[in-house]
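Notes follow the structure.
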Amino acid sequence: MSTFEHLSCPLDATPLSLNKRSLICARGHTYDLAKTGYINLLPVQNKRSKDPGDSKEMVAARQAFLNQQHYFPIVDQIVKSWPQDNMPSQARIRVLDAGCGEGYYLSQIGKAFSNQKGALERLGLDISKWAVTAASKRDKDVTWIVGSNASLPMPSDRVDVVLCLFGFPVFSEFARVLSKSGLLLLVESGADHLIELRKILYPSIHDYKPTHADGVPHFELVSESTANYSFTLPSQADIQQLLAMTPHIHKASYEGREAVKLLQSITLTADVKLRWYRKTTQETNHV
Ligand SMILES: C[S@@+](CC[C@H](N)C(=O)[O-])C[C@H]1O[C@@H](n2cnc3c(N)ncnc32)[C@H](O)[C@@H]1O
Ligand SMILES: [Zn+2]
């Protein structure tokens with residue numbers, strides 16, 4: 001089933017309808033589907049740069065890294081921690097991955113729930129056209145969108161779950177598009193995430209500051225859990241691939257990066273925090 005009818009025009013917020021390979025709004029703005037099936041709903045005037053979001057190189061590195069399943073335990077913990085009263089049953093549950101990257105998690109989550117009675121209706125959105133192009137090749141059962149969390153091209157009250165994994169949350173927008181009592185999952189690095197690599201890259205490690213320690217606007221915390229395990233990167237090429245998908249490649253010192261180049265392999269800690277929230281307030285304004 002097409003999920004394009006859940007989208008709205010980024011210029012005037014009127015609903016979009018599918019006509020052959022284009023989406024058209026009530027006022028006649030037209031958006032063509034790309035060859036691989038995604039839709040670009042990021043108007044030029046909403047772009048802060050010419051090529052926003054992750055670059056082609058970062059996307060390729062992330063895809064190669066994730067395809068090796070080093071982060072599969074995170075997928076597993078997402079599925080295990082999914083609040084029971086929101087499991088797919090008879091009804092279809094609509095899930096938006098806001099900042100979906102190259103689509104690994106949304107694709108894996110779809111597989112994990114595929115044998116449930118109901119199914120997930122999945123939408124993945126990212127500001128990087130490179131990420132969305134890769135995602136649209138990875139999984140054809142998802143509606144992939146180039147767009148921004150700052151102004152989601154969707155009507156209010158449209159999805160049941162928003163996922164924001166290692167991303168850039170915009171809580172007012174997440175609350176707006178979520179249905180009443182809809183759920184939000186935030187996944188973020190914990191204190192020890194990739195600590196062995198960070199110790200080589202930086203002269204000193206700053207104290208860990210927990211994010212959203214005072215809660216997040218429009219949401220209440222439902223549950224909190226952690227994925228903590230170790231994994232090994234067996235070659236220098238694998239280590240460079242991981243570096244290329246993280247902000248460390250830009251932030252680390254020259255000496256740090258040179259020291260990492262000498263490694264033949266490394267065993268790393270993955271330390272990731274998962275927090276499920278439930279929407280508490282109704283937000284109806286379209287940004
Ligand atoms: C660290 S990556 C995480 C990607 C994916 N969730 C994952 O875990 O593999 C952050 C992603 O956020 C995207 N991004 C940055 N700003 C964004 C925005 N305003 N709206 C949507 N996505 C954004 C980037 O293009 C990038 O793909
Ligand atoms: Zn329009």
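Using N, Cα and C of the backbone, Cβ positions are placed for all residues, glycine too.
All TrEMBL annotations are machine predictions without curation.
Pulled from TrEMBL, these are the features on record:
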DOMAIN    8-50  domain '23S rRNA (guanine(745)-N(1))-methyltransferase N-terminal'
BINDING   C25, H29  Zn(2+) binding site
BINDING   Y71, E102, G103, H193  S-adenosyl-L-methionine binding site
DOMAIN    95-180  domain 'Methyltransferase'
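On the structure: features taken from TrEMBL.
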| residue | record | Cβ contacts under 8 Å, 6 or more apart |
| --- | --- | --- |
| C25 | Zn(2+) binding site | S8, C9, L11, D12, T14, P15, L16 |
| H29 | Zn(2+) binding site | C9, L11, D12 |
| Y71 | S-adenosyl-L-methionine binding site | F65, Y104, A270 |
| E102 | S-adenosyl-L-methionine binding site | V59, R62, Q63, L66, A131, A134, A135, R138 |
| G103 | S-adenosyl-L-methionine binding site | D97, G124, A131, A134, A135, S136, R138, D139, V142, W144 |
| H193 | S-adenosyl-L-methionine binding site | T269, A270, D271, V272 |
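Secondary structure counts, DSSP: the domain '23S rRNA (guanine(745)-N(1))-methyltransferase N-terminal' (8-50) has 3 helix, 16 strand, 24 coil. Among the binding-site residues C25, H29, H193, the ones whose Cβ sits under 6 Å from an atom of ligand 2 are, in sequence order, C25, H29.
The domain 'Methyltransferase' (95-180): residue composition by secondary structure is 26 helix, 27 strand, 33 coil, according to DSSP.
Across the residues annotated as binding S-adenosyl-L-methionine (Y71, E102, G103, H193), the widest Cα-Cα separation comes to 21 Å.
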